[in-house]
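Database features (Swiss-Prot):
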SIGNAL    1-27  signal peptide
SITE      T67  site 'Ice-binding'
DISULFID  C75-C93  disulfide bond
SITE      T220  site 'Ice-binding'
MOTIF     220-223  motif 'Ice-binding site motif (T-A/G-X-T/N) 1'
MOTIF     232-235  motif 'Ice-binding site motif (T-A/G-X-T/N) 2'
Amino acid sequence: MKTLISNSKKVLIPLIMGSIFAGNVMAAGPYAVELGEAGTFTILSKSGITDVYPSTVTGNVGTSPITGAALLLNCDEVTGAMYTVDSAGPLPCSINSPYLLELAVSDMGIAYNDAAGRVPADHTELGTGEIGGLTLEPGVYKWSSDVNISTDVTFNGTMDDVWIMQISGNLNQANAKRVTLTGGALAKNIFWQVAGYTALGTYASFEGIVLSKTLISVNTGTTVNGRLLAQTAVTLQKNTINAPTEQYEEAPL
């Protein structure tokens, strides 16, 4: 009998361990920021969207409470819907939907406050604000200064891992520099909460959800995989802006 119990344990232990590893792997880092209706937009702005033609935007675009006349993208630049609070938006494609936009803008503010309020931070003042050249693990990062991406930066984690970047100053990405994802990390799980402005340099590559208190400026030729959610304006210059995907895609070399 004793031998049978012992043998049973020998059988049960690997079965239990196998079931643990076969199950869902727990995500590292904080839980994701809930975007609500703001998460249905690739670009959302309270005071307007300017553009140097041509840009390409995949996903929905919206402006509120400012008039639709401040949404300066052309219909052929957007694969998705363009929502405005009145009939002054781009013709013939803009959709007058003030209630949806009011809700989305409210949710954008709630998401910003949520991201800004996450405690405790796992990393504070990392690199004294210079994160270029670093590989970042999942977690909450906090700076009381500007954050600069002067060389390429890497986010390494699984598809379920989450990063929240709490930035009290501005976010600056240098020209032709890249935000790179490895290990399965997804742009939809990287949240940049920026109290100042966000400036992405020319021909750069950026990943993540930007929740900016003020301006988001995307300079010539830059590609963004994520969302641009600004409490003031968004400026584009011949850019490619794609809503984040649900699956990991290896970045081209």
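Glycine is no exception: its Cβ is also placed from the backbone N, Cα and C atoms.
Residues of the motif 'Ice-binding site motif (T-A/G-X-T/N) 2' (232-235) grouped by DSSP class, helix first, strand second and coil last, total 0 helix, 2 strand, 2 coil.
Each residue of the motif 'Ice-binding site motif (T-A/G-X-T/N) 1' (220-223) gets a DSSP state, and the totals for helix, strand and coil are 0 helix, 1 strand, 3 coil. For the disulfide-bonded residues shown (C75, C93), fewest C-beta neighbours within 10 angstroms: C75.
Note on T220 (site 'Ice-binding'): other Cβ atoms within 10 Å of its Cβ, all shown chains, come to 14. For T67 (site 'Ice-binding') paired with T220 (site 'Ice-binding'), the C-alpha to C-alpha distance reads 26 Å. A gap of 20 Å separates the Cα atoms of T220 (site 'Ice-binding') and C75 (disulfide bond).
Model confidence over the motif 'Ice-binding site motif (T-A/G-X-T/N) 2' (232-235) stands at 99, taken as the mean pLDDT rounded to a whole number. C75 (disulfide bond) falls within a helix when secondary structure is assigned with DSSP. T67 (site 'Ice-binding') counts 15 other C-beta atoms within 10 Å of its own C-beta, drawing on all protein chains shown. According to its DSSP assignment, C93 (disulfide bond) is coil. T67 (site 'Ice-binding') falls within neither a helix nor a strand when secondary structure is assigned with DSSP, and so counts as coil.
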